[in-house]
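TrEMBL has this to say about the protein:
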DOMAIN    44-293  domain 'G-protein coupled receptors family 1 profile'
TRANSMEM  29-51  transmembrane segment
TRANSMEM  63-89  transmembrane segment
TRANSMEM  101-123  transmembrane segment
TRANSMEM  200-228  transmembrane segment
TRANSMEM  240-260  transmembrane segment
TRANSMEM  275-295  transmembrane segment
Amino acid sequence: VTPLEMNNQTDVTELIFLGFSNHPNLQGLFFLVFLVIYLITLLGNVLIIMATRISSALHTPMYYFLGNLSFLDICYTSTTIPVMLVNFFREKKTISYRGCLSQIFFLVTEAGTECVLLAAMAYDRYVAICHPLQYPVLMGVKVCVCLVTGSWLCGLVNSVTHTVLAATLTLCGPNQISHFLCDVPLLLKLSCSDTSLNEFVLHVASATIGLSPCLLTAVSYILIISAVLRIPSAQGRSKAFSTCASHLTVVIVFYGTANFNYDRPREGYSLDIDILVSVLFCVMTPMLNPIIYSLRNKEVKYALRKLTAGSPSYTLPI
């Protein structure tokens, strides 16, 4: 776009979401489905937070991280789903430019924080299985607080950088986003100014906030599996691996859907396929996390049963 053409165009003040626009007759059904998913996500993660805070049996580093993960999932879905639910009743599904930047800030913060937090949880499981005698020292209260604080700081620094750079872009049309939320790559497509710096920072962030925690998690589990296989008894191996099965499942779901959402080729896919893939990552994953921990972790199941029964103060039976 030449400078003259840019001056003849009008700056974009609002953006139009095209997500779910291919099915205008199903808006009511979509609203009900996503409302139910949102309520299940809120209920499941709130119960996890309450159980980890109230139950004395869950006052351990693993469940401290789990409580923070549930809080992240609540924030993540609350950034996108309420806006999407309102737009189901609008003929023109819009969001203001400032609202789009705000959504990008919170989404990038929460996604980046979760990547680092999952790596911290993998380190916790590595210490618990590979260095059990040193676990109380290596995973003390100060260490856990520092790991969670560091996760949030990484997410915030990454998010502030992307949001500030996105705010410098000139958007002069079209103002349509083929999605149901705002994201940095989607905004770059609408820019008629130079996006080379934004793209460079995006690649750097993908390597540092995305790839590095994934590699650290993978290395942790390689060491964990190696240690578990050296345990002589089958019962001992099963007990050791069961302590990290829930987290491993969450990691596979998170990185599997994230990889499919961001790293697959963009050409050759319809709008419906793009939306479906994004729903799996942005909507379904936060709902599945508390379900996975509830189904695969006996301590959490026991705590939730006691919590819903109205007896929050207890210890696990031996």
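Positions of Cβ are set from backbone N, Cα and C atoms, glycine also.
Since the structure is predicted, the reported quantities are computational estimates derived from the model, not experimental observations.
Among residues of the same chain six or more beyond the transmembrane segment (29-51), those with a C-beta under 8 A of the stretch's C-beta atoms are 20, 23, 58, 66-67, 70-71, 73-74, 77-78, 81-82, 84-85, 88-89, 283-284, 286-287, 289-291, 293-294, 300, 303-304, 307-308, 312. Averaged over the domain 'G-protein coupled receptors family 1 profile' (44-293), the predicted model reaches a pLDDT of 86. Where the transmembrane segment (101-123) meets the stretches 63-89, 200-228, 240-260, 275-295, the count of C-beta pairs under 8 angstroms peaks at 63-89. Of the ranges 63-89, 200-228, 275-295, the one with the most Cβ pairs under 8 Å to the transmembrane segment (240-260) is 275-295.
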